[in-house]
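Summarising the annotation, TrEMBL assigns active site to A:Y107. Per TrEMBL, active site, proton donor/acceptor is recorded for A:D148. Look at TrEMBL and you will find A:H249 tagged as active site, proton acceptor. If you look up TrEMBL, you'll see A:N7, A:E34, A:D148, A:N150, A:D248, A:H249 marked as Mg(2+) binding site. Annotation comment: TrEMBL describes A:4-249 as domain 'Endonuclease/exonuclease/phosphatase'. Per TrEMBL, the feature site 'Transition state stabilizer' maps to A:N150. Sequence annotations record features per position, and here TrEMBL assigns site 'Important for catalytic activity' to A:D219. Look at TrEMBL and you will find A:H249 tagged as site 'Interaction with DNA substrate'.
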2 protein chains.
Amino acid sequence: MRIASWNVNSIRTRLEQLTSWLVRAAPDVVCMQETKVEDGSFPEAALSEVGYRSVIFGQKSYNGVAIATRFGLSVDDVKKGLDGDEQDVARRMLAATIEGIRVINVYVPNGQAVGTPAFAYKLAWLERLRSELEARYRPDQQIMICGDFNVAPEAIDVAEPKKWEGQVLFHPDERAALGRLMEWGLVDAFRACHPAKEAYSWWDYRMGAFRRNKGLRIDLALVTRPLAARCTDVSIDTRPRELQRPSDHAPVVVEIADGDAPPGVAPGA
Amino acid sequence: MRIASWNVNSIRTRLEQLTSWLVRAAPDVVCMQETKVEDGSFPEAALSEVGYRSVIFGQKSYNGVAIATRFGLSVDDVKKGLDGDEQDVARRMLAATIEGIRVINVYVPNGQAVGTPAFAYKLAWLERLRSELEARYRPDQQIMICGDFNVAPEAIDVAEPKKWEGQVLFHPDERAALGRLMEWGLVDAFRACHPAKEAYSWWDYRMGAFRRNKGLRIDLALVTRPLAARCTDVSIDTRPRELQRPSDHAPVVVEIADGDAPPGVAPGA
DNA sequence: GATAACGAGG
DNA sequence: CCTCGTTATC
């Protein structure tokens, strides 16, 4: 099973790039963030044409998450939104159990700037995500939390760590919040597969950051240990970032070996 | 000599289409309208790369005219704006003497709707253009006035004349104003070459007007009789209108035989 | 149905 | 730098 995560930065604007990439990369599942579209306008038909059914949780203009799964895969126990979300809150979380794996797709708040209310909200959001794990799941289950975390875990995940240290996306408080999440029982799948590899998933549109490869690895797949044991590779596909009018994020692809998971290990809600 | 006129509807948005077309159609001169860019941001370098120098008279957001000429052609007596233009008026006229031919590039006001102040301004603008001809030129000189006139001369120039009759772009008052201009001593070069041909240069973006070929011929090249005698063909190149994200106008191309014009016939200002 | 400006968000 | 929503123009 191949599970991908991609912040598409508007699914309507990126639709052709997305469908081309699906055909070429052939993931079984793609978790998308920043779809920026209301559910009624989500391009389900275009994804259907290339063989995917969609589960969607979007809104106008901002945020929005979706999961597309190859036809034939089982999709159960869809959950839209984080526990404790207010009405009309930003739509940033969508979970489903796909072929026995609990896939939790997240678009963590950006945080805007350190010290702002948005930054506090980001930290609180990560803490709420941890609370949801504690309340609903166990670390011995087959669980992946993937998406745009808007946090780089370590200095190796930042092209210019000295410049970024203390900034939003690489601030100690954010890394601590991410660390607390992982302490529950999650492994950074990319880092587990590639302990010393320098690779990035996001490059600012400005200043030719992609051309100079000045990026950050902020798109992550965090997996429980039983699922980590099945991960055979994690890669970041930079080719879509090379196109005209790309998303600022590249897709992350996790390869998972067939599991003979005993029944009951991958719960719904 | 091949002189083209094209309302590009934003030269920055259309830059690639424009340069491709210049390479393919190889005009000696192209008069452009609705460049929609300030002179400091005009893409001179891109036109230079394909062999053209630019004379520009543009503004932010709206209007703006430019003439690009193949390197090596003589360009003299550039005139920016119509006589009597107030400061900061819409930039709609740019003239230059190119290889002895006075080329007057115009973007006639659209007129918005019949009966509005914009409509009166359009009629007055055409009258001012006639005054400028009377004040500065003689009909025995080599003169072309080309551009987006926002008026279709005759019913044959309108795909649906009954629908358009009395509307802006095909209103009797506009046609009378155009007629008065021509009475000074100008010939519609396209119609002179093709007395019975139905061809259009503009199609509304809406309602699939281009697909259904429901257009109007509002982009004209008006020439004095001595220059008309040198016109061997006039064509409208609809291929750029077929592209993705096209201008709503197609380029008009006038072919002019080499002239042994006596000195002094093509004045500056 | 295209263009543009503007301000917000990233 | 790129998206969005809005407003204005053609």
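Cβ coordinates come from backbone N, Cα and C, glycine included.
What TrEMBL annotates, mapped onto the structure for a quick look.
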residue	record	Cβ neighbours (10 Å)
A:N7	Mg(2+) binding site	26
A:E34	Mg(2+) binding site	25
A:Y107	active site	25
A:D148	active site, proton donor/acceptor	28
A:N150	Mg(2+) binding site	25
A:D219	site 'Important for catalytic activity'	26
A:D248	Mg(2+) binding site	17
A:H249	active site, proton acceptor	24
Rounded distance in angstrom between the Cα atoms of the residue listed as 'active site' and A:N150 (Mg(2+) binding site): 8
Secondary structure of A:E34 (Mg(2+) binding site) (DSSP, helix/strand/coil): coil
Other same-chain residues whose Cβ falls within 8 Å of the Cβ centroid of A:N7, A:E34, A:D148, A:N150, A:D248, A:H249, the recorded Mg(2+) site, in sequence order: A:N9, A:Q33, A:Y107, A:W202, A:I218, A:D219, A:S247
For A:H249 (active site, proton acceptor), the one of A:N7, A:E34, A:N150 that lies nearest, given that the binding-site residues are compared by Cα: A:N7
Distance, A:E34 (Mg(2+) binding site) to the residue listed as 'active site, proton donor/acceptor' (CA atoms, angstrom): 9
Three-class DSSP secondary structure - A:N150 (Mg(2+) binding site): coil
A:D248 (Mg(2+) binding site) in three-state DSSP notation: coil
Subset of binding-site residues (A:E34, A:N150, A:D248) lying within 10 A of A:D219 (site 'Important for catalytic activity'), CA to CA, in sequence order: A:N150
